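Following: one structure in C-alpha cells, then a few remarks.
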Amino acid sequence: MHAAEKKVRAFVRVKPTAHFAQDVIKFGPDNKSIDIYIKKDAKKGVVNNKQTDWSFKLDGVLHNTSQELTYETVAKKLVSEALTGYNGTIMCYGQTGAGKTYTMTGATAEYKHRGIIPRAVQQVFRAIACSVDSFITVRISYLEIYNETLCDLLSTTTSNDMQMAIVDCPQGVYVKGLSIHSVSDEEDALNLLFEGETNRVIAEHSLNKNSSRSHCIFTIYIEDLYICINSKINLIDLAGSERLSKTRSEGRVLKEAAYINKSLSFLEQIIIALADPKREHIPFRQSKLTHVLKDSLGGKCNTVLVANICGEALHVEETLSSLRFATRMKWITTEPVVNVTYDSEETVKTLEKEISLLKQELAMHDSLVNRSLVTYGPLTDVQVAEIKSQIHKYLQGAIDEIDIMNFRQVQEVFKQFKLIVRQQEGEVETRLRSKYILIDKNDFATIAAAQKAGVYVGELREDRTKSLISGRDLAAHLPSKSQVTVPTKNLDVKEKARNEDTVKNDAQPSKPVSEEISQRPSSPPSKAVAFEQFKEECGSEINRIFKENKSILLARRKRSSTVARRINIIKQEMEDIKKALEAQRQERSQQGEYVDEKGRLIIDEKEFLLIMKLKDLKEEYRCSYAELQDLKAEIQYCQHLVDRCRNKLISEFEIWYRESFLIPTYVQNALKPSGNIRPGMIPINRVMCLEEDEQERFEQMQEAMLPTGPDSVAFYKAKMKTDQKVMSAGHSSL
C-alpha cells in the first residue's frame with residue numbers, strides 16, 4: 001500500500017490552576033495557537049534586546065478540557081487506524097507536575113477521570129466485539145526506564161538491566177526479556193495496567209508529591225490473523241524535566257533528575273535530526289529511551305505528542321521549553337504504512353484456487369453417485385425456509401427424516417434446533433417466574449425461614465437467574481450461581497400467619513431475650529468499626545497475645561538488624577587492619593627484617609597491636625554471627641506465632657460479626673444455650689476476611705453507578721482486584 005506523507009500531530013494541554021497567568025499566556029481564537037508574553041526587566045537597563053514574546057502554532061490547545069474530550073481529540077483516530085494495521089505512538093512531554101501521568105493514565109479512583117491508556121484499551125476491545133472477524137489477538141507490555149535501566153513492570157520475577165536488552169531486527173526494535181501478556185478482554189488489560197502502575201518508581205518532588213521518576217511505555221500489540229495484519233500502539237509517559245537549580249533536589253532525586261534530563265536532551269536531539277531532511281544518520285543509540293523509540297518516532301508510524309504545561313507565570317521558562325519541543329515535533333514527516341504479516345493478495349488468490357478445485361472435486365464425486373443437483377454455495381432464503389418447515393414437521397411427527405444434501409444444510413438444521421430450544425426455555429422460564437421467586441442458594445437465613453414456614457424449597461440451575469436476584473444487568477459479566485425456588489403463594493400465606501403471631505406476641509410482656517435483640521442496630525456497623533469494638537471486648541485476650549507476640553517479633557528484628565550492622569562494621573574494620581598489616585610488612589621487608597638469637601622474627605609494637613586487635617575482631621565476629629543465626633531462628637518462630645494469632649483473631653472476629661449483626665433474630669434464638677446450633681458453626685459458602693470490605697464497597701458502587709454507566713464494569717472490577725492485591729501485601733507485613 002502506498003504510504004501518504006503526514007506530519008506529527010502536536011497538542012498542548014494546560015494544567016488547570018487557580019493562578020493562571022492570563023497576562024503571560026494567551027490562546028488564539030482558532031484554539032490552535034498560543035502566545036507567551038514576558039515583561040522586560042527594568043533592572044537590566046534601557047537597552048535590553050532579550051526576546052519577550054513568542055508565538056507557537058500547534059494542532060490544538062486543550063485548556064479546561066475533560067479527559068473524554070482530550071482522548072477524542074488526541075487518540076481516538078490513531079487507535080482506529082491501529083486497528084487497521086498502522087503503528088501508533090502517543091507521547092506526553094512536559095515538566096514535573098504538569099499533568100503528564102494524569103493525561104496518559106488518569107485517576108484510577110473514578111471512571112470518568114481515566115486517561116488515554118484505559119480509554120484506548122476500551123476502544124480496542126469495543127472494536128473487536130463489533131467486528132465479524134474473530135481472529136484478532138491483543139497483547140500487553142509495560143516497560144519502565146529508570147536511571148538508564150530497563151525494568152519490566154509486569155514481570156513476576158525481579159528483572160534487571162542485565163537480563164533485558166534492546167535488539168534491532170528487520171521487523172523493528174524490541175526489548176529482549178520484556179514480558180508480553182495475552183489479554184482476552186478489557187478487564188484483563190486494565191488489570192495489567194493497574195498492576196504495572198503499582199510497580200512504578202515515584203518520589204516526592206518539590207513540584208509534585210508523587211512524581212514519576214522514570215519513563216514508562218505501555219504497548220498494545222494487535223494482530224489480525226484473518227487478514228494478516230499487525231500493529232502496536234506505544235503510549236509513553238515521559239518523566240518531567242526542569243532545571244536542577246530550580247528544584248533544589250538532593251541525593252537520590254538529584255541523581256534521578258540528572259538521568260532524566262540527559263535522556264530527554266538526547267530525545268530532543270533525535271527530534272531535531274528527524275526534522276532535518278538532509279541528515280543521513282540519526283543517533284538513536286545515544287540513550288535507552290531513544291533506542292527503544294527508534295521505530296516509534298516518525299518514520300512509518302502515526303505519532304502524536306501532548307505537551308503538558310503549567311499556567312503559572314513562575315513556570316514560564318519550562319512552558320517555553322515544552323512548546324519549543326512540540327513545535328520541533330511538528331516538523332517531522334511520517335509515512336505510515338500497513339503492517340502486513342505476509343502478502344494477503346497472494347494468499348487470497350491461493351485460497352480461491354483451492355476452493356474452486358475442491359468444488360470441482362465434490363461435483364465429480366456427486367456425479368458418480370447420481371447427485372448432480374447439489375450446490376455448495378451459501379443457502380438461499382428459500383432453502384432456509386424449507387429446512388425450517390421440515391424441522392417443524394419432524395418435531396410434530398409428520399415426517400420421519402429430514403432431507404440432507406450437503407454440510408451447509410447440516411449446520412442450518414442444528415441452528416434451527418437451537419433456536420427452538422431457546423424459545424422453549426424462555427417459555428418455561430416465564431411460567432416458572434409467574435409461580436416462583438428466586439433466592440440465592442447460599443442465602444442460608446432465607447432458606448431456613450422458608451423451611452421453618454413449611455415452604456417447599458427446590459433447586460433450579462439457570463445461568464440467567466443472577467439478574468433476578470441482584471436487580472443488576474450484569475449477567476454477562478458476573479459468574480452464575482445455583483438458585484433455589486420458593487412458591488410465592490405459599491410464602492405469602494406463611495408470611496401472613498407469621499405476622500399475626502407477631503402481633504399476638506407483641507401484646508404479651510417482653511422477655512429479656514427480645515429486649516436484647518431489640519437493642520441490635522437497624523443496620524450493621526462497618527467491619528472496620530466492628531473490628532475495633534471486637535478487639536476491645538470479646539477478642540481482647542487474643543488481641544493482647546497478638547500484640548505481645550508482634551512486639552517480641554519487632555524487638556527480635558530490631559536486634560537482628562543491629563547485630564547485622566555490627567557484623568558489617570567488624571568486617572570493614574578487619575579489612576582495614578589487614579591492609580595496615582600488609583603495609584607494615586611491605587615496609588619491614590624494604591627496610592630489612594630483624595630476628596632474635598633463636599631466629600624468630602622481631603616486629604614493632606604497632607604491628608603487634610594490629611595483630612592482637614585483628615584477633616579480637618575475629619572472635620567478636622564469630623560471636624556476633626552465632627547470635628545473628630540464633631536471632632533468625634527466633635524471628636522465624638515468632639513470625640509463625642504472629643501469623644497464627646492474626647488468623648485466629650480474624651476468624652474469631654468473622655464468627656462474632658456474623659452472629660452479632662448479620663444473623664436473623666430467629667437464628668439468634670437457636671444460638672442461645674438452649675438452642676440446637678453450636679456458636680461458630682453457622683454455615684457459610686466461603687471463609688471471609690477483612691479485605692472483603694473492598695468487595696462490599698464495589699457492590700455498593702455497582703448499585704449506585706453501574707445502571708447509568710454499564711461500560712465501567714471492567715474498569716472498576718480491575719481496580720478492585722488491584723486494590724485487594726495491595727491490601728493483601730500490606731496485611732502480610734503486619
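We count from 1, first residue shown onward.
For all residues, glycine too, the Cβ spot is worked out from N, Cα and C.
Features reported for this protein in TrEMBL:
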- 7-332: domain 'Kinesin motor' (DOMAIN)
- Gly94, Gln95, Thr96, Gly97, Ala98, Gly99, Lys100, Thr101: ATP binding site (BINDING)
- 480-526: region 'Disordered' (REGION)
- 491-504: compositional bias 'Basic and acidic residues' (COMPBIAS)
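Distribution of TrEMBL features across the structure.
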residue : record           : Cβ contacts under 8 Å, 6 or more apart
Gly94   : ATP binding site : Lys100, Leu238, Gly240, Ala307, Asn308, Ile309, Glu318, Ser322
Ala98   : ATP binding site : Lys15, Gly240, Asn308, Ile309, Cys310, Glu318, Ser322
Gly99   : ATP binding site : Arg13, Lys15, Asn308
Segment-level pLDDT (mean, integer) for the domain 'Kinesin motor' (7-332): 85
C-beta crowding around Thr96 (ATP binding site), within 10 angstroms: 22
Cβ packing number for Gln95 (ATP binding site), 10 Å threshold: 26
